[in-house]
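Below: one structure, written as structure tokens.
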Ligand code: ARG
């Protein structure tokens, strides 16, 4: 021991032997010359400080020492600026005390003189030394919680009887951790109970019994664990049980007794800080059989009780909007096991509707589809991406308890974007003459489609995937792919939309006996893909099935058929023509022509006729639309009332054409389309 302290004493002086001696101004004691300067610096080793004691100071005296001066820095910051002449006593009393470095820090002297000395000054002299820094006395930050011992170059901590020094070498703690596994009863108290408990305690008491038992704690009335004025725990007692952590407990009120832990394995922790004098706690523990508790969340147990005995079977009903076992169950039976748990035990989890399947139609979209919530009671909102569609019904859907999206008014299934029909964006303002017709502007009759082969005819767009035409235009062609042109008025235009048919459905009642009978002259064409609706390609509306027709109602018929300008009225027109014509009376419709083989053409209730002197549809117009109200009127929307079907050759100038009465086929059209779409 003696040898060790000798070594400790010698060590700093042998290593830092230069760290004591004199420091003087240049030329001392004869006096310094003008423009003299010096820069001196020394550092103290760890756990030491460096000091300078001036024994002599004689420099030129100026008010702020601006001529000659010695400046002293401790760790780079100025601690003194000295000049003039000072007595030894004064030096000792006021000048020397601050000339001290921090532990392990450095002192620097900067001296300079100027040229202006009238009288010679001797300068300064001081003795510098390192000395041990007493951390125990002078360092409020030394970390010993109990005893502190200074030695040269450092310090160490020690503890009172009953405490030991923790790993950090500063904190004194008590040993209070105990493993009481296997004990079915016993007592646990804070260290030194009933005396005041130790500072810096970190106690862990482990209790563990057989699985079917639970530990039961009884606290004694006296309970005193340090608490601040806001009732927050300074020291604390916590109990870790299987269902979760109880506490922290502190203050003067013991935890409720008996405290059932519902666990056969618990850990009691007690922690104190470095201050205070409180009594602590004491408890005794014992065991009792485990019970089951109604702990399955988001559900109700029947019968409802605070706890259940081993073997008891109950019914678990998940709350509305919650399901168990991956959505398979909303209700199940479960039995209390001896371990105090339920078997089986499925948590009731919130119903998740998932993102709705929108289908292939990209027109229908979800608002903010990226951050959708899809759980029970969450809402989503739909919209149509194109202005040529409108959302049918409600746009807001809610995830219901059965995991389905339902609209706010209770409808299941997804909403639909349906085409806005019968509303051209280009206004039709003037009337004109197909026979007696007028050129249509682009977008004026956006539902008009052109068929060039197998024979020239028209067709009408009724939604983004279907058109109607006359059966006689395409009969015999059902097995092939038809090519239709849309979004054009110039029949030779190369910028038209080309539409390919996927399926042609001729009305089953069409007799294919054009000679005398055009009854049911209607057919549906399904496209290979949906067309892109735009200002020049828009569908027409279908009328109500009982709309009825009024004599003299003015409608518009359109097509690329023959025109009056073509002398023999045989050639078709290059540009789309339209004409406004009135619906004719039933009696004049019944007045049908006879064919070349002397058979009278048959008029049925599935037809109407229309026309006016100089105005008629002609060969090549068949399959095209007759719409109401007529185009020039501002009233929209427009409805497809008739399909150009038959009449006398235009050169006969009878100005009377027969049209398929579309209102008779609404059911058939809807049924046929639905059947195709659900396939
Ligand atoms: N069947 C003719 C066609 O295929 C339509 C005839 C219309 N005739 C009339 N005078 N309205 O184009």
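Numbering starts at 1 and runs along the chain as it is shown here.
From the backbone N, Cα and C atoms, a Cβ is placed for every residue, glycine too.
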The Ca(2+) 1 site in TrEMBL includes 60, 114, 116. Which of 68, 132 is also listed there?
68
Taking only the disulfide-bonded residues 157, 609, 650, which have a CB closer than 6 angstroms to any atom that belongs to ligand 1?
650
Around the recorded Ca(2+) 2 site, report the further residues of that chain (criterion: Cβ within 8 Å of the mean position of the Cβ atoms of 132, 135, 150, 154; site residues excluded), sequence-ordered.
47, 133, 134, 136, 151, 152, 153, 155
Spatially speaking, which of the disulfide-bonded residues 83, 176, 250, 417, 650 is closest to residue 136 (disulfide bond)? Use C-alpha to C-alpha, please.
176
Pop the Cα-Cα gap between residue 150 (Ca(2+) 2 binding site) and residue 144 (disulfide bond) into the table, whole Å please.
11
Looking at the binding-site residues listed here (132, 135, 150), whose Cα lies nearest to that of residue 157 (disulfide bond)?
150
For residue 618 (disulfide bond), which of the three DSSP-derived states applies: helix, strand, or coil?
coil
